[in-house]
Amino acid sequence: MDSITRRRAAAYVCRSCIRRTYTQRHQRTYSSAVQPDIYDVVCVGGGPAGLSLLTALRASPVTSHLRIALVEAQDLSKIQSWKLPPDRFSNRCSSLTPSSALFLDKIGAWDHLARDRIQPYHEMQVWDGVSDARIEFNWAPDAAPSAGTTIAYMTENLNLTSGLLRRLAQLGGVSVFGNAKVENISFGEQTEAQDLREWPVVNLAGGKQLVARLLVGADGANSPVRSFAGIEARGWDYGRHGVVATLELQGQGWGGDQMKTAYQRFLPTGPVAMLPLPGNYSTLVWSTTPENASLLKRLPTKDFVALVNAAFQLSPADLEFMHTQSEGQAEEYSWRSEHTPFHSEIIPQAVTGVQEGTIASFPLKMRHADTYIGERVALVGDAAHTIHPLAGQGLNQGQGDVQSLANTIEYAVNHGQDIGGRLSLEPYLAERYTANHVLMGVCDKLHKLYSVGSGPIVSLRSLGLNAVNSLGPLKTFVMSQAAGHGTKVF
Amino acid sequence: MRSSLRHTPALLRHARAARPSCRVPLAAAVQSPTLGAPALALALAPASTRASSSSSVNPSEISHFNALAATWWDPHGSSRILHLMNPLRHDFIGTCRASSPTVTSSTPAGQLRYLDVGCGGGIFAESAARLPSTASVTAIDPSPGVLAVARSHAARDPGLTAEKLEYISATIETLPPGGGNKDFDVVTLFEVVEHVDNPAAFLDRCGEFVKPGGWLVMSTIARTWTSWFTTNLMAEDILGVVPKGTHDWRKYINEDELRAHFRGKSGWSSPRVMGVVYFPGLGWKEVRGSEKIGNYFFAVQKNA
């Protein structure tokens, strides 16, 4: 039976009597009645966004007294103890901007990540696969690699989540419900002592009920919290899949271990990116058609490797042909590359292998929730927005959300506001919605711009890319934006 | 002791019958018109205690605020700008308390006892009760309708226990002074004094509840042409963002009048003031000097 309804039958009692019963309630203990389990924050979803939020709340002296619960479908203890040998890398990686890394450091999580598995990179090579127009994001030759010149840190998502879980365990004080299935989310009940009709109640399989002053949806693109709050997420599917894999290269990169470069080439089917990991390893993110994606997953390793090398080197026409072959791309690549002139150091070093079991794909979508807040509800990360991965900004957007929401909650606590109240949450919405919207729009437009294979748009976009490349200050600005420092625009 | 706030009801009636510039001594304190000043002085709707004696509570003011009760907690309703101002009240109290090292609190963890006079629907009272540094909040108001709203809204937050927050249907005249440790660290009168017929007597009565070293904190609106223009003509009559009949411009009190009142009393010191301006789309901001024009906070400390 519902533990809340059972507490007291709803009967009219005058206010002064309520005050008396109220006082009595604190003087004697009920053995029969089940008190509703009321939390200040119930976070559904233990991914990077949810874990960062709870870590931030626990780490701040202003919010550390809040009663917090975490609900996650996966086994969190497995994630916390996640470990791979030094020469194996997970295929799900994200590039953390320096501002995300700074935030993780501020909440004490950065030191809990396996630092030898994180690869900072300092330069970017981005070019148009059709026209070869290029923009090189590199620093002046005398600029030594340092935190100030780091564009981003390539990090395995599991390295991040397991580090956050270790930090959270160190801080303590969070009621963790792992392996937990959310049956449904409902509203509380009114009793004579309190009125919880506007408070969300998370009902877990097995009967556990968590009443939330603030329910945080960090529960991904198909967010049940978002559905509960009646918030629509609008957008479209790109008709593209992102193919990921952990690649082994011929060396540590043209700049050695100290100066790593990220590569991205815009092909008419979508951008293909190779991002550096420690040692000879790199991670691949290739946005392409679902047919091409399924071919890539089917191919023998040597043909897959050849097609990846071809993607950074050969013409779109060559590539299109190679995608029609069911196998034999290795031979095709070896003779075609001999006849394609290119400057080797502006494309990645040759791929020599791929780690077993790391080739996977997922559909690409663009979704944006109509709002991030409701009465006693806030959405963060993918629950609020799903972005095209071409700029590697998805996870960073989530970290930006979390930083803003944690600040908003801190302000509310300091000023006696109800942290679940819409009025208290408004600053979070105001700070994040437009910022995310602009970035999502830019990435969406970039995708569409570079999906065009020929014609005047190719000349125009190439002109733009070459122009940006020749303008030092503008390029520095773009690099600072990508790196998340400098004046904040996006 | 001379005080510009000590006008008699008879004087006030005369002033009402005449023009919005009162006779001596109020007239002497009326600011020169500040038309053309960029600031917006926005009158805030809810605040309902008024009393110069227990019998002087004006039924028309009470019924006015009773009628507003339903929208009190609607964040997009007529009380929105009041909700938006609330955090500044805490900031102001914080700067007052930080300005003086006197430890006033007698509760174990150094926690504070608040008395909120004219609490209305409880916007400030609830927020003060939620602060971890608060021992208790006693909130009083003579309007039964708004107190019912305050109580039912507080019942929606299980954190606001009876120990933390108590609403009493009372005026400051009918509230028995506690004395000693029962007195309050902070007595607040937010958007109240401009609704009171005899502010001098009202302030003196409120002051009795402040413990030595404690603070009497208030917010109100300066009586200027700007405030008449923005709070009465624009906010109530033309734009309608504040319910009509909320304010009587002639009852507005200037910051220097409050200073003079407390300077003339023994036992009070460290007056502090903070002028605030509402910028549409941005919210309330502190603007130095704006206390001469529109909305402002004022506080004095009772000598330890």
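From the backbone N, Cα and C atoms, a Cβ is placed for every residue, glycine too.
Any TrEMBL annotation is an automated prediction that lacks curation.
Residues annotated as S-adenosyl-L-methionine binding site in TrEMBL: B:Arg89, B:Gly118, B:Asp141, B:Phe190. Under the three-state DSSP scheme, B:Phe190 (S-adenosyl-L-methionine binding site) falls in the strand class.
According to TrEMBL, the feature Mg(2+) binding site maps to B:Glu191, B:Glu194, B:His195. Taking the Cβ of B:Glu191 (Mg(2+) binding site) as centre and 10 Å as the limit, one finds 27 other Cβ atoms among all the protein chains shown.
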For B:Glu191 (Mg(2+) binding site), identify the closest of the binding-site residues B:Arg89, B:Gly118, B:Asp141, judging by Cα separation. B:Gly118
Near the Cβ of B:Phe190 (S-adenosyl-L-methionine binding site), how many other Cβ atoms are there if near means within 10 Å? 25
Measuring Cα to Cα, how many angstrom lie between B:Asp141 (S-adenosyl-L-methionine binding site) and B:His195 (Mg(2+) binding site)? 13
Taking the residues B:Arg89, B:Gly118, B:Asp141, B:Phe190 listed for S-adenosyl-L-methionine, what is the greatest CA to CA distance in Å, to the nearest whole number? 19
Ten-angstrom check, please: count other Cβ atoms within 10 Å of the Cβ of B:Glu194 (Mg(2+) binding site), all chains counted. 26
Can you count the other CB atoms that lie within 10 A of the CB of B:Gly118 (S-adenosyl-L-methionine binding site)? 31
In whole Å, how far does the CA atom of B:Glu194 (Mg(2+) binding site) lie from that of B:Gly118 (S-adenosyl-L-methionine binding site)? 12
